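Straight from TrEMBL, the features:
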DOMAIN    8-212  domain 'Acetyl-CoA hydrolase/transferase N-terminal'
ACT_SITE  E286  active site, 5-glutamyl coenzyme A thioester intermediate
DOMAIN    317-460  domain 'Acetyl-CoA hydrolase/transferase C-terminal'
BINDING   N376, G380, K400  CoA binding site
Amino acid sequence: MDQDFAVMTADEAAQLILHGNMVAFSGFTPAGAPKALPEALARRAMALHEQAIPFKIKLLTGASIGALADNQLAEAEAVEWRAPYQTASALRDKINQGEINFVDLHLSEVAQMVNYGFFGPIDVAVIEASEVTKEGRVYLTSGIGNAPVFLQKARQVIIELNSYHSPRIKEMIDIVSLGAPPLRSMVPIFHTLDRAGENYVQIDPKKIVAVVHTHLADQIKEFGDENPLCRQIARNVEGFLLKELHAQRIPEGFLPLQSGVGNINNAVLKALGENPDIPPFMMYSEVLQSSVIDLMEQGRIIGASASSLTVPPDVLQHIYKNMDFFNERIVLRPQEISNNPEIIRRLGVIALNVGLEFDIYGHANSTHVAGVNLMNGIGGSGDFERNAYLSIFIAPSIAKGGKISTIVPMCSHVDHSEHSVKVIITENGVADLRGLSPIQRAQTIIANCAHPMYRDCLNHYLSLGKTGHIHHDLAHAFDMHMSLIEHGTMLS
Ligand code: 0RQ
């Protein structure tokens, strides 16, 4: 690093961020997100608030950042506006209490919206890097997210230079920038591991106003133990994909998989990877979890493209120690490329995401509990489910010990419409909705996916509507939700 850059402490650098600024953070999930500046910004906000001086920023990220960072900023009342995704409990509470404005966005669209100026200018980008050169080459770390566009568009850049990351992380990185219409180009990626760009982002070095040295791991926890429910869902996914393979609707060499985050997705991926009847496969996903790394070493996953390595510190260090193996098998991309609709459709990606509730006609709610309270956000689920070769949603059929049925007459909030959802899988079975009319879909979802204790209730609802292409009785469409609100259970 050139010594001419101003080296500062995190608290000194935080002084460069002003009340009302649009601030953009690097990373995708906690991977690659800044770690020292969020804490320093929270301290700055609290100190200013004690003197009755206003200080709130607008905060744009790749996906979630470390929950600790988002929570510290929320608790310090340092954020007035936040996009596009989060997973932090204190921040979530403030969003649901109406104290923070949150904008829930498809993750692939954020970079182009910034590029087109839809959110106004970016005042300061805070970017975690493994290396920065005097010519202004910025080498990113374990999560790429929207860092390239933030670096290009921000008026000022603060770099967190994190020595925790191996400089060799750059061997996995491929950064392609898409232009703006009418000159937006085709994305030249035709296979999962294709590379089409550079492994750094070039910016004007004069924009770098501070460099903060850190040595901090990404805040990523190991998953909890798999439970029997996850295993049963995983078995149903396996059975469905094997049937598709035998029917030659999935080609012999298989197709790339996308897998969302969480225990269920991790269990499903592990089960698919360990099933010898499923050929070794590729991942074209947004997040790579620990199970992918294990399966790659076993030769079951051949290669993977994503925007982040969302793995605990010991797994990340294992990757760094074995870079000669992993650098040929993993490509880390900006999220507008990892989640790009054009590529997802071209490669024929099989998408597997978890949802909160599904209605009997196949709409899916991934984001709002009872249509009201935000959980996390749509994340990349829409990018993949709208464009996949096979759009699969997975979920347990009940939540909260059976008080909630995840299959309902009408979704209380819709993130993915009936036109995008092709297959729903719960622990009870598989509803293959391809080619089915609305009433056929309803019968299939109730029979194959709903929990037995809710089937009568759902069939009764279906019998209420007598006419129309889709049968609804609007007077009773939310009876199950109302029962939950009034009596604490959807079972009447
Ligand atoms: O609550 O934590 O209190 O037990 O929701 O549910 O079943 O543990 O599943 O961790 O995979 O999360 C949709 C939130 C599921 C997630 C969602 C309760 C349930 C539990 C968690 P507890 P599970 P998961 C790639 C793709 C959108 C973004 C996405 C998500 C908690 O998968 O955020 O897909 N998806 N991104 O009890 C009330 C219901 C419920 C319910 C479940 N109907 N009503 N509560 N729960 N169903 C990643 C990125 O984009 C970066």
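Glycine is treated like the rest: Cβ placed from N, Cα and C.
Quick caveat, the model's predicted, so the values are computed rather than measured.
Structural mapping of features recorded in TrEMBL.
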| residue | record | Cβ within 10 Å |
| --- | --- | --- |
| E286 | active site, 5-glutamyl coenzyme A thioester intermediate | 30 |
| N376 | CoA binding site | 19 |
| G380 | CoA binding site | 28 |
| K400 | CoA binding site | 10 |
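Taken as a whole, the domain 'Acetyl-CoA hydrolase/transferase N-terminal' (8-212) shows an average pLDDT of 97 in this prediction. In the three-state DSSP assignment, the secondary structure recorded for N376 (CoA binding site) is coil.
Of the residues the record lists as binding CoA, namely N376, G380, K400, the two whose Cα atoms sit farthest apart are 25 Å from each other. Taking only the Cα positions, the spacing between K400 (CoA binding site) and E286 (active site, 5-glutamyl coenzyme A thioester intermediate) is 29 angstrom. Spacing of N376 (CoA binding site) relative to the residue listed as 'active site, 5-glutamyl coenzyme A thioester intermediate' is 16 Å (Cα to Cα, whole number). The separation of E286 (active site, 5-glutamyl coenzyme A thioester intermediate) from G380 (CoA binding site), Cα to Cα, is 7 Å. Sorting each residue of the domain 'Acetyl-CoA hydrolase/transferase C-terminal' (317-460) by its DSSP state yields 50 helix, 37 strand, 57 coil.
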